[in-house]
(Lines of atoms letter the chains of each structure in order from A and count residues from 1; the text may use other names and numbers.)
(Lines give C-alpha, C1' and ligand atoms only; values in the text may rest on other atoms or scores of the structure.)
Protein backbone atom coordinates (compact mmCIF):
# COMPACT_ATOMS: atom_id res chain seq x y z
CA UNK A 1 0.00 0.00 0.00
CA UNK A 2 1.14 3.55 -0.61
CA UNK A 3 0.50 4.69 2.97
CA UNK A 4 -0.41 3.07 6.27
CA UNK A 5 -3.65 5.06 6.14
CA UNK A 6 -4.65 2.67 3.31
CA UNK A 7 -4.47 -0.37 5.61
CA UNK A 8 -8.09 -0.24 6.88
CA UNK A 9 -9.29 -0.45 3.27
CA UNK A 10 -6.99 -3.37 2.47
CA UNK A 11 -7.64 -5.28 5.69
CA UNK A 12 -10.65 -7.11 4.16
CA UNK A 13 -8.31 -8.50 1.47
CA UNK A 14 -5.84 -9.63 4.11
CA UNK A 15 -8.57 -11.27 6.19
CA UNK A 16 -10.19 -13.13 3.30
CA UNK A 17 -6.83 -14.38 2.00
CA UNK A 18 -5.76 -15.52 5.46
CA UNK A 19 -9.20 -17.14 5.83
CA UNK A 20 -8.31 -19.22 2.78
CA UNK A 21 -5.01 -20.13 4.52
CA UNK A 22 -2.92 -18.13 2.07
CA UNK A 23 0.27 -16.37 3.07
CA UNK A 24 0.08 -12.61 2.86
CA UNK A 25 2.96 -10.16 2.79
CA UNK A 26 1.83 -6.67 3.78
CA UNK A 27 4.05 -3.68 3.04
CA UNK A 28 3.97 0.13 2.92
CA UNK A 29 5.75 1.19 -0.27
CA UNK A 30 5.16 4.62 -1.71
CA UNK A 31 5.70 5.18 -5.43
CA UNK A 32 6.63 8.77 -4.59
CA UNK A 33 8.25 8.71 -1.13
CA UNK A 34 10.15 5.41 -1.38
CA UNK A 35 10.44 4.79 -5.12
CA UNK A 36 13.65 2.75 -4.98
CA UNK A 37 12.21 0.49 -2.29
CA UNK A 38 9.07 0.06 -4.41
CA UNK A 39 11.17 -0.81 -7.47
CA UNK A 40 13.16 -3.41 -5.51
CA UNK A 41 9.99 -4.98 -4.14
CA UNK A 42 8.35 -5.23 -7.57
CA UNK A 43 11.44 -6.62 -9.28
CA UNK A 44 12.07 -9.20 -6.54
CA UNK A 45 8.45 -10.26 -5.93
CA UNK A 46 8.36 -13.20 -8.32
CA UNK A 47 11.73 -14.48 -7.13
CA UNK A 48 10.41 -14.42 -3.56
CA UNK A 49 7.55 -16.68 -4.59
CA UNK A 50 4.78 -14.11 -4.76
CA UNK A 51 2.08 -14.99 -7.30
CA UNK A 52 -0.27 -11.97 -7.20
CA UNK A 53 0.19 -8.42 -5.92
CA UNK A 54 -2.59 -6.28 -4.48
CA UNK A 55 -1.58 -2.62 -4.51
CA UNK A 56 -3.79 -0.02 -2.89
CA UNK A 57 -3.23 3.70 -3.20
CA UNK A 58 -5.11 6.97 -2.95
CA UNK A 59 -4.70 10.36 -4.55
CA UNK A 60 -2.47 10.14 -7.60
CA UNK A 61 -2.40 6.38 -6.95
CA UNK A 62 0.66 5.55 -9.02
CA UNK A 63 1.70 2.52 -6.94
CA UNK A 64 -0.33 -0.19 -8.74
CA UNK A 65 0.72 0.96 -12.20
CA UNK A 66 4.35 1.39 -11.28
CA UNK A 67 4.47 -2.06 -9.69
CA UNK A 68 2.76 -3.55 -12.77
CA UNK A 69 5.36 -1.92 -15.00
CA UNK A 70 8.14 -3.71 -13.11
CA UNK A 71 6.77 -7.26 -12.83
CA UNK A 72 4.94 -9.77 -14.97
CA UNK A 73 2.90 -10.93 -11.97
CA UNK A 74 -0.80 -10.04 -11.94
CA UNK A 75 -1.36 -6.75 -10.12
CA UNK A 76 -4.72 -5.86 -8.62
CA UNK A 77 -5.17 -2.15 -7.96
CA UNK A 78 -7.38 -0.89 -5.14
CA UNK A 79 -8.23 2.80 -5.45
CA UNK A 80 -8.48 4.32 -1.98
CA UNK A 81 -10.95 7.10 -1.29
CA UNK A 82 -9.17 10.40 -0.88
CA UNK A 83 -10.29 13.50 1.01
CA UNK A 84 -10.93 15.37 -2.19
CA UNK A 85 -12.64 13.82 -5.21
CA UNK A 86 -13.85 10.84 -3.12
CA UNK A 87 -11.41 8.41 -4.73
CA UNK A 88 -12.43 9.10 -8.32
CA UNK A 89 -8.92 10.45 -8.95
CA UNK A 90 -7.43 7.22 -7.59
CA UNK A 91 -9.79 5.09 -9.65
CA UNK A 92 -8.97 6.89 -12.88
CA UNK A 93 -5.25 6.77 -12.16
CA UNK A 94 -5.29 3.02 -11.62
CA UNK A 95 -7.76 1.99 -14.30
CA UNK A 96 -6.30 4.12 -17.13
CA UNK A 97 -3.14 2.12 -17.76
CA UNK A 98 -1.37 2.21 -21.11
CA UNK A 99 -1.71 -0.77 -23.41
CA UNK A 100 0.62 -3.58 -22.44
CA UNK A 101 0.80 -2.80 -18.70
CA UNK A 102 -2.51 -4.03 -17.26
CA UNK A 103 -3.71 -3.52 -13.71
CA UNK A 104 -6.88 -5.36 -12.70
CA UNK A 105 -8.85 -2.69 -10.87
CA UNK A 106 -11.58 -3.15 -8.27
CA UNK A 107 -13.98 -0.60 -6.83
CA UNK A 108 -12.94 2.34 -4.68
CA UNK A 109 -12.06 0.90 -1.24
CA UNK A 110 -12.69 -2.55 -2.76
CA UNK A 111 -10.20 -4.48 -0.68
CA UNK A 112 -12.48 -7.47 -0.18
CA UNK A 113 -12.99 -8.01 -3.90
CA UNK A 114 -9.25 -7.55 -4.45
CA UNK A 115 -8.59 -10.38 -2.02
CA UNK A 116 -11.22 -12.58 -3.62
CA UNK A 117 -9.87 -11.87 -7.10
CA UNK A 118 -6.36 -12.74 -5.92
CA UNK A 119 -7.69 -16.02 -4.50
CA UNK A 120 -9.45 -16.79 -7.79
CA UNK A 121 -6.23 -16.15 -9.70
CA UNK A 122 -4.34 -18.41 -7.30
CA UNK A 123 -7.02 -21.10 -7.67
CA UNK A 124 -5.77 -21.70 -11.21
CA UNK A 125 -2.60 -23.19 -9.70
CA UNK A 126 -4.06 -24.30 -6.35
CA UNK A 127 -7.26 -26.20 -7.20
CA UNK A 128 -8.18 -26.67 -3.52
CA UNK A 129 -8.88 -22.93 -3.42
CA UNK A 130 -11.79 -23.39 -5.83
CA UNK A 131 -13.57 -25.42 -3.15
CA UNK A 132 -12.94 -22.75 -0.51
CA UNK A 133 -14.15 -20.01 -2.84
CA UNK A 134 -17.29 -22.03 -3.62
CA UNK A 135 -17.90 -22.49 0.12
CA UNK A 136 -17.42 -18.75 0.67
CA UNK A 137 -19.99 -17.98 -2.04
CA UNK A 138 -22.39 -20.54 -0.58
CA UNK A 139 -22.13 -18.70 2.75
CA UNK A 140 -22.99 -15.44 0.98
CA UNK A 141 -25.96 -17.18 -0.64
CA UNK A 142 -27.17 -18.49 2.72
CA UNK A 143 -26.85 -15.04 4.31
CA UNK A 144 -29.08 -13.51 1.64
CA UNK A 145 -31.64 -16.33 1.98
CA UNK A 146 -31.70 -15.78 5.75
CA UNK A 147 -32.14 -12.01 5.38
CA UNK A 148 -34.94 -12.47 2.85
CA UNK A 149 -36.76 -14.88 5.15
CA UNK A 150 -36.38 -12.49 8.07
CA UNK A 151 -37.64 -9.54 5.99
CA UNK A 152 -40.71 -11.51 4.92
CA UNK A 153 -41.42 -12.52 8.54
CA UNK A 154 -40.90 -9.09 10.12
CA UNK A 155 -41.87 -6.68 7.39
CA UNK A 156 -39.75 -3.74 6.31
CA UNK A 157 -40.30 -1.45 9.32
CA UNK A 158 -39.43 -4.01 12.00
CA UNK A 159 -36.56 -5.37 9.92
CA UNK A 160 -35.05 -1.89 9.68
CA UNK A 161 -35.46 -1.37 13.44
CA UNK A 162 -33.39 -4.49 14.07
CA UNK A 163 -30.61 -3.52 11.69
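Placement of Cβ uses the backbone N, Cα and C atoms for every residue, glycine included.
The domain 'PurE' feature in TrEMBL is assigned to 1-144. In this model, the domain 'PurE' (1-144) carries an average pLDDT of 97.
Taking a C-beta cut-off of under 8 angstroms and a sequence separation of 6 or more, residue 6 (substrate binding site) has the following same-chain neighbours: 56, 57, 58, 78, 80. Annotated substrate binding site per TrEMBL: 3, 6, 33, in sequence order.
Of all residue pairs in 3, 6, 33, the annotated binders of substrate, the farthest apart have Cα atoms separated by 15 Å. The substrate site is set by 3, 6, 33; from the centre of their CB atoms, other residues of the chain with a CB within 8 Å are 1, 2, 4, 5, 28, 30, 57, 58.
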